[in-house]
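Going by TrEMBL, these are the annotated features:
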- 214-226: compositional bias 'Basic and acidic residues' (COMPBIAS)
- 234-249: compositional bias 'Basic and acidic residues' (COMPBIAS)
- 422-517: domain 'Dendritic cell-specific transmembrane protein-like' (DOMAIN)
- 214-249: region 'Disordered' (REGION)
- 21-40: transmembrane segment (TRANSMEM)
- 52-71: transmembrane segment (TRANSMEM)
- 83-110: transmembrane segment (TRANSMEM)
- 122-140: transmembrane segment (TRANSMEM)
- 389-410: transmembrane segment (TRANSMEM)
- 476-498: transmembrane segment (TRANSMEM)
Amino acid sequence: MMTYEEYMTKYRRRKYRRRRRRGGILCCFYLVIDKLMNVINSSPEEYNSIKTVLGFPVGAFIAYMLYKAVLEPLALPKNLQELLGGVLGLGMASGYAMSVQVRCITWLLVPTFFGKKGRSFVAAYAIVFLITGPVHNIMINGQEVTRALVCATELAINHSTTKMDLKTRPIMNVAKDFQEQGAHLKRVIGDLEFAYKPLKKEFKENELEEEEMEMRMRKVDKDTRGRRGKNRMKKIEEKNNPETARDRPEKIEKQYRKKLEMRCEDIWNQAVSSCRNKMLSLWDDCVGYIPIIGYYLCLPLRLTFFCQIVRVVPGALGMECDSMDVMEPGFGETYVTADDTMDNMDQNFDVNMQYKMVHTPEDVDYTMAEEMRKGAMHEFSKRQKLTEFFLTLLKRTLAFTFILVFISSYKYNKRYLSDFQFDNMYITPYFRHIDARRMYQKKRRLLPLKKFERGQVVYPKTMKLMKSEKKKLSKGTFMIIMRCMVSALIIVSAKVLYEVMDIIEKNSHVTYRQQGRTIKFIL
(Lines of atoms letter the chains of each structure in order from A and count residues from 1; the text may use other names and numbers.)
(Lines give C-alpha, C1' and ligand atoms only; values in the text may rest on other atoms or scores of the structure.)
Protein backbone atom coordinates (compact mmCIF):
# COMPACT_ATOMS: atom_id res chain seq x y z
CA MET A 1 0.00 0.00 0.00
CA MET A 2 1.38 3.46 -0.96
CA THR A 3 1.89 6.21 1.59
CA TYR A 4 0.26 9.57 1.21
CA GLU A 5 3.53 11.21 0.10
CA GLU A 6 4.01 8.55 -2.61
CA TYR A 7 0.44 9.07 -3.76
CA MET A 8 0.93 12.86 -4.05
CA THR A 9 4.21 12.37 -5.93
CA LYS A 10 2.53 10.03 -8.38
CA TYR A 11 -0.30 12.54 -8.79
CA ARG A 12 2.12 15.36 -9.61
CA ARG A 13 3.99 13.24 -12.16
CA ARG A 14 0.72 12.29 -13.89
CA LYS A 15 -0.28 15.96 -13.97
CA TYR A 16 3.11 16.94 -15.39
CA ARG A 17 2.90 14.27 -18.14
CA ARG A 18 -0.52 15.57 -19.21
CA ARG A 19 0.86 19.11 -19.50
CA ARG A 20 3.90 17.88 -21.39
CA ARG A 21 1.74 16.16 -24.00
CA ARG A 22 0.19 19.53 -24.81
CA GLY A 23 3.64 20.88 -25.77
CA GLY A 24 4.37 24.49 -26.79
CA ILE A 25 5.17 27.45 -24.63
CA LEU A 26 2.70 26.44 -21.92
CA CYS A 27 4.73 23.31 -21.29
CA CYS A 28 7.86 25.37 -20.52
CA PHE A 29 5.83 27.78 -18.43
CA TYR A 30 4.27 24.97 -16.39
CA LEU A 31 7.67 23.37 -16.00
CA VAL A 32 9.19 26.58 -14.59
CA ILE A 33 6.20 27.05 -12.27
CA ASP A 34 6.44 23.46 -11.00
CA LYS A 35 10.17 23.78 -10.36
CA LEU A 36 9.67 27.11 -8.60
CA MET A 37 6.89 25.65 -6.44
CA ASN A 38 9.13 22.70 -5.61
CA VAL A 39 11.83 25.14 -4.44
CA ILE A 40 9.34 27.16 -2.39
CA ASN A 41 7.67 24.11 -0.81
CA SER A 42 10.94 22.27 -0.19
CA SER A 43 12.50 21.80 3.23
CA PRO A 44 15.06 24.36 4.51
CA GLU A 45 17.94 21.97 3.74
CA GLU A 46 17.11 21.63 0.03
CA TYR A 47 18.00 23.94 -2.89
CA ASN A 48 20.22 26.18 -0.74
CA SER A 49 22.16 27.65 -3.66
CA ILE A 50 19.00 28.47 -5.66
CA LYS A 51 17.33 30.03 -2.63
CA THR A 52 20.43 32.15 -1.99
CA VAL A 53 20.59 33.41 -5.59
CA LEU A 54 16.88 34.21 -5.70
CA GLY A 55 16.71 35.55 -2.16
CA PHE A 56 19.48 38.15 -2.42
CA PRO A 57 17.73 40.49 -4.96
CA VAL A 58 14.39 40.01 -3.19
CA GLY A 59 15.98 41.05 0.12
CA ALA A 60 17.66 44.02 -1.55
CA PHE A 61 14.31 45.15 -3.01
CA ILE A 62 12.62 44.87 0.41
CA ALA A 63 15.49 46.86 1.97
CA TYR A 64 15.04 49.57 -0.68
CA MET A 65 11.33 49.82 0.14
CA LEU A 66 12.15 50.11 3.87
CA TYR A 67 14.72 52.80 3.05
CA LYS A 68 12.08 54.84 1.22
CA ALA A 69 9.45 54.31 3.93
CA VAL A 70 11.56 54.73 7.08
CA LEU A 71 14.95 56.42 6.52
CA GLU A 72 14.00 59.15 4.04
CA PRO A 73 11.30 60.73 6.31
CA LEU A 74 13.89 61.07 9.11
CA ALA A 75 15.64 64.02 7.37
CA LEU A 76 19.05 62.73 8.47
CA PRO A 77 22.33 64.08 7.03
CA LYS A 78 22.95 62.78 3.52
CA ASN A 79 26.10 60.78 4.36
CA LEU A 80 24.55 59.18 7.45
CA GLN A 81 21.35 58.38 5.56
CA GLU A 82 23.27 56.65 2.76
CA LEU A 83 25.41 54.74 5.28
CA LEU A 84 22.35 53.45 7.15
CA GLY A 85 20.68 52.58 3.84
CA GLY A 86 23.71 50.59 2.73
CA VAL A 87 23.91 48.70 6.02
CA LEU A 88 20.16 47.99 5.90
CA GLY A 89 20.33 46.79 2.28
CA LEU A 90 23.35 44.53 2.84
CA GLY A 91 21.93 43.07 6.05
CA MET A 92 18.44 42.47 4.65
CA ALA A 93 19.70 40.99 1.35
CA SER A 94 22.21 38.68 3.07
CA GLY A 95 19.73 37.60 5.74
CA TYR A 96 16.95 36.94 3.24
CA ALA A 97 19.31 34.92 1.05
CA MET A 98 20.78 32.68 3.76
CA SER A 99 18.29 32.54 6.67
CA VAL A 100 14.89 30.86 6.63
CA GLN A 101 13.88 32.71 9.77
CA VAL A 102 14.61 36.10 8.17
CA ARG A 103 12.41 35.15 5.21
CA CYS A 104 9.57 34.18 7.53
CA ILE A 105 9.90 37.37 9.58
CA THR A 106 9.98 39.46 6.39
CA TRP A 107 6.80 37.94 4.99
CA LEU A 108 5.13 38.20 8.39
CA LEU A 109 5.51 41.98 8.03
CA VAL A 110 2.59 41.97 5.58
CA PRO A 111 -0.10 40.63 7.97
CA THR A 112 1.51 42.38 10.93
CA PHE A 113 1.33 45.68 9.09
CA PHE A 114 -2.47 45.34 8.95
CA GLY A 115 -2.61 44.57 12.68
CA LYS A 116 -2.29 46.73 15.78
CA LYS A 117 1.40 47.51 15.27
CA GLY A 118 0.78 48.40 11.65
CA ARG A 119 -1.99 50.80 12.57
CA SER A 120 0.38 52.43 15.08
CA PHE A 121 2.91 52.94 12.31
CA VAL A 122 0.27 54.43 10.00
CA ALA A 123 -0.82 56.78 12.80
CA ALA A 124 2.82 57.76 13.40
CA TYR A 125 3.31 58.39 9.69
CA ALA A 126 0.20 60.58 9.67
CA ILE A 127 1.57 62.58 12.60
CA VAL A 128 4.87 63.01 10.74
CA PHE A 129 2.92 64.27 7.72
CA LEU A 130 1.06 66.77 9.90
CA ILE A 131 4.34 67.96 11.45
CA THR A 132 6.06 68.46 8.10
CA GLY A 133 2.97 69.99 6.50
CA PRO A 134 0.28 71.97 8.35
CA VAL A 135 2.14 72.34 11.66
CA HIS A 136 5.25 73.66 9.92
CA ASN A 137 3.06 75.96 7.84
CA ILE A 138 1.42 77.32 11.00
CA MET A 139 4.88 78.10 12.44
CA ILE A 140 5.89 79.97 9.27
CA ASN A 141 2.64 81.94 9.24
CA GLY A 142 3.10 82.75 12.92
CA GLN A 143 6.51 84.16 12.10
CA GLU A 144 4.96 86.30 9.38
CA VAL A 145 2.31 87.59 11.83
CA THR A 146 5.04 88.58 14.28
CA ARG A 147 7.04 90.25 11.52
CA ALA A 148 3.97 92.17 10.29
CA LEU A 149 3.14 93.51 13.75
CA VAL A 150 6.72 94.55 14.38
CA CYS A 151 6.91 96.12 10.92
CA ALA A 152 3.79 98.22 11.56
CA THR A 153 5.22 99.51 14.84
CA GLU A 154 8.60 100.24 13.25
CA LEU A 155 6.88 102.07 10.39
CA ALA A 156 5.09 104.41 12.79
CA ILE A 157 8.32 105.11 14.65
CA ASN A 158 10.23 105.77 11.42
CA HIS A 159 7.49 108.19 10.37
CA SER A 160 7.95 110.20 13.55
CA THR A 161 11.74 110.05 13.17
CA THR A 162 11.54 111.45 9.64
CA LYS A 163 9.48 114.42 10.79
CA MET A 164 11.94 115.12 13.59
CA ASP A 165 14.82 114.94 11.10
CA LEU A 166 13.11 117.53 8.91
CA LYS A 167 12.91 119.92 11.85
CA THR A 168 16.47 119.50 13.11
CA ARG A 169 18.36 119.33 9.81
CA PRO A 170 19.42 123.05 9.75
CA ILE A 171 20.97 122.73 13.17
CA MET A 172 22.75 119.58 12.05
CA ASN A 173 24.22 121.41 9.05
CA VAL A 174 25.77 124.04 11.33
CA ALA A 175 27.19 121.38 13.60
CA LYS A 176 28.56 119.55 10.56
CA ASP A 177 30.44 122.69 9.46
CA PHE A 178 32.01 122.98 12.90
CA GLN A 179 32.97 119.35 12.68
CA GLU A 180 34.73 119.80 9.33
CA GLN A 181 36.78 122.73 10.65
CA GLY A 182 37.71 120.76 13.72
CA ALA A 183 38.80 117.83 11.56
CA HIS A 184 41.15 120.14 9.62
CA LEU A 185 42.74 121.37 12.84
CA LYS A 186 43.16 117.80 14.02
CA ARG A 187 44.96 116.88 10.80
CA VAL A 188 47.44 119.74 11.33
CA ILE A 189 48.06 118.61 14.89
CA GLY A 190 48.46 115.05 13.64
CA ASP A 191 51.22 116.13 11.22
CA LEU A 192 53.09 117.82 14.07
CA GLU A 193 52.77 114.76 16.26
CA PHE A 194 54.03 112.55 13.42
CA ALA A 195 57.13 114.74 13.01
CA TYR A 196 57.73 114.71 16.77
CA LYS A 197 57.16 110.97 17.15
CA PRO A 198 60.76 109.79 16.23
CA LEU A 199 62.27 112.09 18.86
CA LYS A 200 59.81 110.88 21.49
CA LYS A 201 60.48 107.27 20.56
CA GLU A 202 64.24 107.83 20.96
CA PHE A 203 63.70 108.76 24.60
CA LYS A 204 60.87 106.55 25.82
CA GLU A 205 60.39 103.46 23.64
CA ASN A 206 63.78 101.70 23.40
CA GLU A 207 63.63 99.39 26.43
CA LEU A 208 64.23 96.27 24.29
CA GLU A 209 67.39 97.82 22.78
CA GLU A 210 68.76 98.63 26.26
CA GLU A 211 68.12 95.07 27.45
CA GLU A 212 70.01 93.61 24.45
CA MET A 213 72.98 95.98 24.94
CA GLU A 214 73.10 95.17 28.66
CA MET A 215 73.14 91.41 27.94
CA ARG A 216 76.03 91.77 25.43
CA MET A 217 78.01 93.92 27.87
CA ARG A 218 77.67 91.41 30.69
CA LYS A 219 78.55 88.52 28.36
CA VAL A 220 81.74 90.24 27.10
CA ASP A 221 82.78 91.11 30.67
CA LYS A 222 82.31 87.47 31.61
CA ASP A 223 84.27 86.14 28.61
CA THR A 224 87.16 88.61 28.99
CA ARG A 225 87.28 88.23 32.79
CA GLY A 226 86.92 91.96 33.32
CA ARG A 227 90.00 93.14 31.39
CA ARG A 228 88.10 96.17 30.14
CA GLY A 229 86.72 96.80 33.59
CA LYS A 230 84.68 94.89 36.08
CA ASN A 231 80.92 95.43 36.13
CA ARG A 232 80.84 98.25 33.59
CA MET A 233 77.03 98.26 33.59
CA LYS A 234 76.93 99.08 37.26
CA LYS A 235 79.34 101.99 36.79
CA ILE A 236 77.20 103.44 33.99
CA GLU A 237 74.03 103.15 36.11
CA GLU A 238 75.68 104.77 39.14
CA LYS A 239 77.05 107.57 37.00
CA ASN A 240 73.70 108.30 35.34
CA ASN A 241 71.19 107.39 38.05
CA PRO A 242 67.87 109.22 37.29
CA GLU A 243 66.80 109.06 40.94
CA THR A 244 69.52 111.51 41.95
CA ALA A 245 68.22 114.16 39.53
CA ARG A 246 66.88 117.39 41.02
CA ASP A 247 64.22 118.05 38.41
CA ARG A 248 62.66 116.56 35.30
CA PRO A 249 65.11 118.07 32.73
CA GLU A 250 68.11 116.66 34.62
CA LYS A 251 66.36 113.26 34.84
CA ILE A 252 65.84 113.24 31.06
CA GLU A 253 69.52 114.11 30.49
CA LYS A 254 70.77 111.29 32.74
CA GLN A 255 68.49 108.75 31.08
CA TYR A 256 69.69 109.72 27.62
CA ARG A 257 73.38 109.86 28.69
CA LYS A 258 73.02 106.33 30.01
CA LYS A 259 71.65 105.18 26.67
CA LEU A 260 74.45 106.92 24.73
CA GLU A 261 77.20 105.38 26.87
CA MET A 262 75.60 101.93 26.54
CA ARG A 263 75.54 102.33 22.74
CA CYS A 264 79.18 103.40 22.75
CA GLU A 265 80.20 100.39 24.84
CA ASP A 266 78.04 98.13 22.69
CA ILE A 267 80.12 99.01 19.59
CA TRP A 268 83.27 97.61 21.23
CA ASN A 269 81.32 94.68 22.68
CA GLN A 270 80.09 93.68 19.24
CA ALA A 271 83.64 93.94 17.88
CA VAL A 272 84.97 91.58 20.58
CA SER A 273 82.11 89.12 20.07
CA SER A 274 82.57 89.11 16.28
CA CYS A 275 86.33 88.57 16.65
CA ARG A 276 85.89 85.63 19.04
CA ASN A 277 83.22 84.01 16.87
CA LYS A 278 85.37 84.38 13.74
CA MET A 279 88.46 82.83 15.39
CA LEU A 280 86.40 79.90 16.69
CA SER A 281 84.94 79.38 13.20
CA LEU A 282 88.44 79.43 11.65
CA TRP A 283 89.60 76.93 14.31
CA ASP A 284 86.81 74.50 13.32
CA ASP A 285 87.61 74.88 9.60
CA CYS A 286 91.34 74.42 10.19
CA VAL A 287 90.91 71.27 12.27
CA GLY A 288 88.49 69.94 9.66
CA TYR A 289 91.02 70.36 6.80
CA ILE A 290 94.03 69.04 8.79
CA PRO A 291 92.62 66.25 10.97
CA ILE A 292 95.86 64.79 12.48
CA ILE A 293 98.33 67.61 13.19
CA GLY A 294 95.74 70.33 12.81
CA TYR A 295 95.32 70.70 16.55
CA TYR A 296 98.93 71.94 16.91
CA LEU A 297 99.13 73.95 13.69
CA CYS A 298 95.82 75.70 14.34
CA LEU A 299 96.49 76.29 18.03
CA PRO A 300 97.03 80.09 17.60
CA LEU A 301 93.39 80.35 16.55
CA ARG A 302 92.40 79.24 20.03
CA LEU A 303 94.14 82.29 21.55
CA THR A 304 91.05 84.48 21.57
CA PHE A 305 92.61 86.89 24.03
CA PHE A 306 94.02 88.76 20.98
CA CYS A 307 90.48 90.03 20.50
CA GLN A 308 90.86 92.01 23.71
CA ILE A 309 93.25 94.35 21.87
CA VAL A 310 90.09 95.93 20.44
CA ARG A 311 89.06 96.75 23.97
CA VAL A 312 92.49 98.16 24.90
CA VAL A 313 92.75 100.55 21.92
CA PRO A 314 90.03 102.98 23.04
CA GLY A 315 91.55 103.36 26.49
CA ALA A 316 95.05 103.79 25.09
CA LEU A 317 93.93 106.47 22.66
CA GLY A 318 91.77 108.26 25.23
CA MET A 319 88.52 107.29 23.50
CA GLU A 320 86.43 106.54 26.57
CA CYS A 321 82.62 106.33 26.32
CA ASP A 322 81.71 109.58 28.07
CA SER A 323 78.38 111.11 27.01
CA MET A 324 79.21 114.49 28.54
CA ASP A 325 81.41 115.27 25.52
CA VAL A 326 78.55 114.92 23.00
CA MET A 327 75.52 116.25 24.91
CA GLU A 328 75.01 120.01 24.87
CA PRO A 329 74.08 121.79 28.13
CA GLY A 330 70.36 122.45 28.49
CA PHE A 331 69.36 119.45 26.37
CA GLY A 332 66.89 118.20 29.01
CA GLU A 333 65.15 121.58 29.31
CA THR A 334 64.74 121.77 25.53
CA TYR A 335 63.17 118.30 25.32
CA VAL A 336 60.80 118.89 28.28
CA THR A 337 59.63 122.19 26.76
CA ALA A 338 58.95 120.56 23.38
CA ASP A 339 57.11 117.64 24.97
CA ASP A 340 54.89 119.89 27.08
CA THR A 341 54.15 122.05 24.04
CA MET A 342 52.90 119.06 22.04
CA ASP A 343 50.69 117.87 24.90
CA ASN A 344 49.22 121.32 25.48
CA MET A 345 48.61 121.82 21.78
CA ASP A 346 46.55 118.63 21.61
CA GLN A 347 44.57 119.47 24.74
CA ASN A 348 43.75 123.08 23.90
CA PHE A 349 41.74 122.07 20.83
CA ASP A 350 39.35 119.82 22.76
CA VAL A 351 35.77 121.09 23.03
CA ASN A 352 33.86 120.40 26.21
CA MET A 353 30.12 120.37 25.49
CA GLN A 354 27.70 120.01 28.38
CA TYR A 355 24.06 119.18 27.92
CA LYS A 356 21.22 117.74 29.92
CA MET A 357 18.72 115.14 28.81
CA VAL A 358 15.22 115.89 30.03
CA HIS A 359 13.20 112.72 30.66
CA THR A 360 9.57 112.40 31.52
CA PRO A 361 8.27 109.49 33.63
CA GLU A 362 6.91 107.89 30.43
CA ASP A 363 10.39 107.80 28.82
CA VAL A 364 11.82 105.27 31.26
CA ASP A 365 10.68 102.17 29.34
CA TYR A 366 11.26 103.53 25.83
CA THR A 367 13.33 101.40 23.42
CA MET A 368 14.61 101.96 19.90
CA ALA A 369 12.50 100.68 17.01
CA GLU A 370 15.35 98.55 15.67
CA GLU A 371 15.99 97.09 19.12
CA MET A 372 12.30 96.31 19.51
CA ARG A 373 12.20 94.58 16.12
CA LYS A 374 15.34 92.57 16.76
CA GLY A 375 14.17 91.64 20.26
CA ALA A 376 10.78 90.43 19.06
CA MET A 377 12.21 88.45 16.16
CA HIS A 378 14.96 87.02 18.35
CA GLU A 379 12.44 85.87 20.94
CA PHE A 380 10.26 84.30 18.25
CA SER A 381 13.28 82.66 16.57
CA LYS A 382 14.43 81.21 19.88
CA ARG A 383 11.03 79.69 20.56
CA GLN A 384 10.75 78.54 16.95
CA LYS A 385 14.10 76.73 17.13
CA LEU A 386 13.07 75.04 20.37
CA THR A 387 9.75 73.97 18.83
CA GLU A 388 11.44 72.74 15.66
CA PHE A 389 13.92 70.74 17.74
CA PHE A 390 11.15 68.92 19.61
CA LEU A 391 9.14 68.43 16.41
CA THR A 392 12.19 66.98 14.64
CA LEU A 393 12.89 64.72 17.61
CA LEU A 394 9.24 63.60 17.62
CA LYS A 395 9.28 63.05 13.86
CA ARG A 396 12.41 60.88 13.98
CA THR A 397 11.10 58.95 16.97
CA LEU A 398 7.80 58.26 15.23
CA ALA A 399 9.61 57.20 12.07
CA PHE A 400 11.33 54.46 14.06
CA THR A 401 7.94 53.00 15.06
CA PHE A 402 8.33 50.75 12.02
CA ILE A 403 10.77 48.80 14.18
CA LEU A 404 7.78 47.80 16.31
CA VAL A 405 6.39 45.99 13.27
CA PHE A 406 9.69 44.10 12.93
CA ILE A 407 9.69 43.24 16.62
CA SER A 408 6.09 42.04 16.48
CA SER A 409 6.90 39.81 13.48
CA TYR A 410 9.97 38.42 15.24
CA LYS A 411 8.02 37.65 18.43
CA TYR A 412 5.24 36.01 16.44
CA ASN A 413 7.74 33.82 14.59
CA LYS A 414 9.52 32.87 17.81
CA ARG A 415 6.32 31.93 19.66
CA TYR A 416 4.94 30.12 16.64
CA LEU A 417 8.04 27.91 16.51
CA SER A 418 8.25 27.30 20.26
CA ASP A 419 4.59 27.20 21.40
CA PHE A 420 2.39 24.63 19.63
CA GLN A 421 -0.85 26.20 20.90
CA PHE A 422 0.03 29.73 19.79
CA ASP A 423 -2.25 31.00 16.99
CA ASN A 424 -3.09 27.46 15.93
CA MET A 425 -6.73 28.03 14.93
CA TYR A 426 -6.63 28.45 11.14
CA ILE A 427 -8.14 25.99 8.66
CA THR A 428 -5.53 26.43 5.95
CA PRO A 429 -4.88 24.37 2.79
CA TYR A 430 -1.97 22.77 4.60
CA PHE A 431 -4.30 21.76 7.43
CA ARG A 432 -6.65 20.22 4.85
CA HIS A 433 -3.64 18.48 3.30
CA ILE A 434 -2.74 16.91 6.65
CA ASP A 435 -6.37 15.89 7.25
CA ALA A 436 -6.55 14.27 3.80
CA ARG A 437 -3.35 12.39 4.51
CA ARG A 438 -4.87 11.08 7.75
CA MET A 439 -7.96 9.96 5.81
CA TYR A 440 -5.75 8.18 3.27
CA GLN A 441 -3.95 6.46 6.15
CA LYS A 442 -7.32 5.30 7.59
CA LYS A 443 -6.89 7.50 10.70
CA ARG A 444 -9.36 9.71 12.51
CA ARG A 445 -10.27 12.91 10.65
CA LEU A 446 -11.03 16.38 12.00
CA LEU A 447 -12.93 17.75 9.02
CA PRO A 448 -15.70 18.61 8.58
CA LEU A 449 -16.04 20.46 11.90
CA LYS A 450 -19.20 20.46 13.95
CA LYS A 451 -21.29 23.59 14.25
CA PHE A 452 -20.13 24.52 17.78
CA GLU A 453 -16.49 23.99 16.73
CA ARG A 454 -16.65 26.39 13.79
CA GLY A 455 -16.86 29.45 16.04
CA GLN A 456 -13.47 28.66 17.59
CA VAL A 457 -11.47 28.46 14.38
CA VAL A 458 -10.71 30.87 11.53
CA TYR A 459 -11.23 30.28 7.83
CA PRO A 460 -8.68 32.56 6.08
CA LYS A 461 -10.56 32.58 2.76
CA THR A 462 -13.98 33.55 4.15
CA MET A 463 -15.14 37.18 4.39
CA LYS A 464 -17.27 36.61 7.47
CA LEU A 465 -15.94 38.31 10.63
CA MET A 466 -15.67 36.63 14.00
CA LYS A 467 -17.14 38.17 17.13
CA SER A 468 -13.74 39.30 18.42
CA GLU A 469 -12.88 40.73 14.99
CA LYS A 470 -16.12 42.73 14.91
CA LYS A 471 -15.27 44.25 18.31
CA LYS A 472 -11.77 45.22 17.21
CA LEU A 473 -13.12 46.60 13.94
CA SER A 474 -15.57 48.88 15.77
CA LYS A 475 -12.90 50.15 18.15
CA GLY A 476 -10.40 50.69 15.33
CA THR A 477 -12.96 52.52 13.20
CA PHE A 478 -13.76 54.87 16.08
CA MET A 479 -10.06 55.63 16.63
CA ILE A 480 -9.54 56.30 12.92
CA ILE A 481 -12.50 58.70 12.85
CA MET A 482 -11.13 60.62 15.86
CA ARG A 483 -7.67 60.84 14.34
CA CYS A 484 -9.12 62.03 11.05
CA MET A 485 -11.07 64.73 12.88
CA VAL A 486 -7.94 65.97 14.70
CA SER A 487 -5.95 65.95 11.46
CA ALA A 488 -8.73 67.81 9.65
CA LEU A 489 -8.85 70.39 12.45
CA ILE A 490 -5.11 71.04 12.14
CA ILE A 491 -5.31 71.30 8.35
CA VAL A 492 -8.30 73.66 8.51
CA SER A 493 -6.49 75.83 11.10
CA ALA A 494 -3.48 76.11 8.82
CA LYS A 495 -5.75 76.99 5.90
CA VAL A 496 -7.63 79.66 7.89
CA LEU A 497 -4.36 81.23 9.05
CA TYR A 498 -3.14 81.27 5.46
CA GLU A 499 -6.33 83.01 4.29
CA VAL A 500 -5.98 85.63 7.04
CA MET A 501 -2.37 86.31 6.08
CA ASP A 502 -3.35 86.54 2.41
CA ILE A 503 -6.05 89.13 3.21
CA ILE A 504 -3.58 91.16 5.29
CA GLU A 505 -1.03 91.08 2.48
CA LYS A 506 -3.54 92.30 -0.12
CA ASN A 507 -5.22 95.05 1.95
CA SER A 508 -2.58 96.39 4.37
CA HIS A 509 -0.44 98.50 2.02
CA VAL A 510 0.18 101.94 3.56
CA THR A 511 1.77 104.91 1.74
CA TYR A 512 3.06 107.93 3.68
CA ARG A 513 3.71 111.30 2.07
CA GLN A 514 4.94 114.35 3.97
CA GLN A 515 6.27 117.77 3.03
CA GLY A 516 8.13 120.45 4.92
CA ARG A 517 10.16 123.61 4.47
CA THR A 518 12.92 125.36 6.37
CA ILE A 519 13.53 129.09 6.90
CA LYS A 520 16.71 130.38 5.32
CA PHE A 521 18.50 133.27 7.05
CA ILE A 522 20.85 135.46 5.01
CA LEU A 523 23.11 137.76 7.00
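Each residue's number is its place along the chain shown, starting with 1.
Placement of Cβ uses the backbone N, Cα and C atoms for every residue, glycine included.
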What does the DSSP secondary structure composition of the domain 'Dendritic cell-specific transmembrane protein-like' (422-517) look like, as residue counts for helix, strand and coil? 57 helix, 2 strand, 37 coil
Is the transmembrane segment (83-110) packed against any residues at least 6 beyond its ends, judged by a Cβ distance under 8 Å, and which are they? 44, 51-53, 55-60, 62-64, 66-67, 71, 76, 405-406, 409-410, 412-413
Counting by DSSP, what is the helix, strand and coil composition of the compositional bias 'Basic and acidic residues' (234-249)? 11 helix, 0 strand, 5 coil
